[in-house]
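According to TrEMBL, the protein has these features:
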type: DOMAIN; residues: 42-293; note: domain 'G-protein coupled receptors family 1 profile'
type: TRANSMEM; residues: 24-50; note: transmembrane segment
type: TRANSMEM; residues: 62-88; note: transmembrane segment
type: TRANSMEM; residues: 100-121; note: transmembrane segment
type: TRANSMEM; residues: 142-164; note: transmembrane segment
type: TRANSMEM; residues: 197-222; note: transmembrane segment
type: TRANSMEM; residues: 243-264; note: transmembrane segment
type: TRANSMEM; residues: 276-295; note: transmembrane segment
Amino acid sequence: WEFNGSFYQPSAFLMMGIPGLEGLHHWISIPFCTLYLIALLGNCMILFIIKKTQSLHEPMYYFLSMLAVTDLGLVLCTLPTTLGIFWFNMRRIGFDACLTQMYFIHILSFIESSVLLAMAFDRFIAISHPLRHSSILTKTTVIKIGLAIILRGMVSLLPIPFLLKRLTYCGKTELSHSFCFHPDIMNLACADIKVNVFYGMIILLSTVGMDFIFIVLSYILIIKTVISLATKEECLKALNTCVSHICAVLVFFIPMIGLSMIHRFGKNVPPLVNTLVAYTYLMIPPALNPIIYSIKSSHIREALLRALRRKSE
């Protein structure tokens, strides 16, 4: 402990694996390693295919590249501490290291939410104004959107580590997960955390919450446009271009909303449920997104098959 008058701050926190199953961590690490491997290889494959295939150099796939980079970032943020616990029982993480990991996990989550909104906007423009799509979403516009997304995440979350550093901590230093979350760290403090709770809620609602609302509104407008199309075939063709994105939105937002609700209101929720929802939120989207887009996007699938054929020749 670092002592400064009445101010106490732990030098480190203790992370938690899967409660009640500590003796099986080596076996549990196998599916976790599989998910991490799928996420790393899948997202790298998406980036490689988009970079090498000239026909995929368009807004939809630029946004998909942003999603893949964000997913890679999330994987690399949580992989060292998670596998460190499962393989070597390395539970200790320094206070500042924990705040740094927490900051990047939350930033990348916010960026992923914003990228999904940008992808919804892209689908809306492509379906509602197909002739103006390339003139509205130029390469310069896509770059500006990407920079705005990163800047919004960094600036909105910048106060969070400082709000945590000002708190006095006492008693428990054990976190609920094998990575650091703002609510998890905040609840270990024995000081008034109203400012942290209020700021965290405001930021969550004004970023991820607003992103989700605008995604829903985008799909309401898309459905209105699709209904006005002349034939059933055109309807289905237009909606088919959105299936991958809808799956990615559901895979990301459902666990995130569940985890937020558990941290804020689920005091009596079993620790195992809390842990499983957290792992689902941070590990399943990065692993599933490349699979979803590889299966549903014929352009990516064809480019992948061409690349595999070239390697086998």
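One is the number of the first residue shown, and numbering goes on along the chain from there.
Cβ coordinates are placed from backbone N, Cα and C, and glycine is handled just like the others.
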Could you pull out which residues elsewhere in the chain have a CB under 8 Å from any CB of the transmembrane segment (62-88), counting only those six or more residues past its ends? 15-17, 25-26, 28-29, 32-33, 36, 39-40, 43-44, 46-47, 50-51, 101, 104-105, 108-109, 111-112, 115-116, 118-119, 122, 139, 142, 146, 149, 178-179, 248, 282-283, 285-286, 289-290, 293
Long-range Cβ neighbours of the transmembrane segment (142-164) (under 8 Å; 6 or more residues past either end): 59, 62-63, 66, 99-100, 102-103, 106-108, 110-111, 114-115, 118, 182, 185-186, 189, 195-196, 199-200, 203, 206-207
Where does the mean pLDDT land for the domain 'G-protein coupled receptors family 1 profile' (42-293)? 90
Long-range CB partners for the transmembrane segment (276-295) (under 8 A, at least six residues beyond its ends), listed in sequence order, are 18, 32, 35-36, 38-39, 42-43, 45-46, 64, 67-68, 71-72, 74-75, 78, 105, 112, 176-177, 179, 181, 244, 247-248, 251-252, 255-256, 258-259, 262, 301, 304
